[in-house]
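S.K.: Here it is: the structure, laid out below.
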Amino acid sequence: MRANAGRAPVFKPGELNVYSAPRDVGEVSRALRHTGRRVMLVPTMGALHEGHLALVRAAKRTPGAVVVVSIFVNPLQFGAGEDLDAYPRTLDQDLAKLRAEGVEIAFTPTAASMYPNGLRTTVQPGPMAAELEGGSRPTHFAGVLTVVLKLLQIVAPDRAFFGEKDYQQLVLIRQMVADLNVNVQVIGVPIVREHDGLAMSSRNRYLDPAQREAAIALSAALTAGAHAATAGVQAALDAARGVLEAVPGIVVDYVELRDGELGPVSPSGSGRLLVAVRFGTTRLLDNVAIEIESIAGTDGQPVGPDGRVQSPWRN
């Protein structure tokens, strides 16, 4: 059901209730919490795919959960020349998918209702926002964090769910929640992939058949980098970049290896390998957690913790 403007919002359990006014979804969320329900937020920009539905399913696994899925193409996070107007808007199909998943609340605001006073107040995301994605999209994360903070304030969820595909976004949201004392638990959900390994993304639909075939190089590069990490940080980076640069039509924006908080990576231990590439105007991201298990010995061969020479490739 859709809420009617000018009336108190109505919530029907077991149905998909659609609210466009921030005040309405906020009132319903507060009322449900008072009855003992636990409010779960899944922020999206629509064009829902299996990656989004994995977030929904993770949220629904919480005992007593009522899931709120927001669908809002946020203009603040699109820079000059980016694809705001072209971004897919498939609201009817999205709502049908949410009904099939048993979601009870969809929040579908307009830009006017989210930013009634324009851009008077925004979030400054800090220095990490200038790195990685921020290198080519300098205003992106200010827009992301502003809308996420507004959604958290409007819905006031117990937990909010974000995919690990946009890993830098996830880290910055966690920083914001900690630094601004926002009372919510941020849950990261693993990447969902197509049958051939390509990370699911709403932007995949922009790829032509040749680009779509070439795009599997992203996951192949991450796999190569993860295996090569037994020979150290530089070996992992070289292996990943080598896979990407061998594929015609790919423009590599970055290949980076960081720690789990996106700080400098240690010579051994856990890390996060991140890649970003472009096919024409379509930009794709991917990442994977890796273990850097050894360092190079004096002869250039990887040496494990026991001091023995190891092969840089393992199954």
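Start at 1 and count along the chain as shown; that gives each residue its number.
Note that Cβ sites are derived from N, Cα and C of the backbone, with glycine treated the same way.
The following feature annotations were taken from Swiss-Prot:
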ACT_SITE  His52  active site, proton donor
BINDING   45-52, 163-166, Val192, 200-203  ATP binding site
BINDING   Gln77, Gln169  (R)-pantoate binding site
BINDING   Gln77  beta-alanine binding site
S.K.: Quick one: of the recorded positions His52, Gln77, Gln169, which has its CA closest to the CA of Val192 (ATP binding site)?
M.R.: His52
S.K.: Within 10 Å of the Cβ of Val192 (ATP binding site), how many other Cβ atoms are there?
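M.R.: There are 18 of them.
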S.K.: How many Å lie between the Cα of Gly51 (ATP binding site) and the Cα of Gln169 ((R)-pantoate binding site)?
M.R.: 16
S.K.: Tell me which of the recorded positions Leu48, His52, Glu164, Ser202 ends up closest to Gln77 ((R)-pantoate binding site) in space, Cα to Cα.
M.R.: Ser202
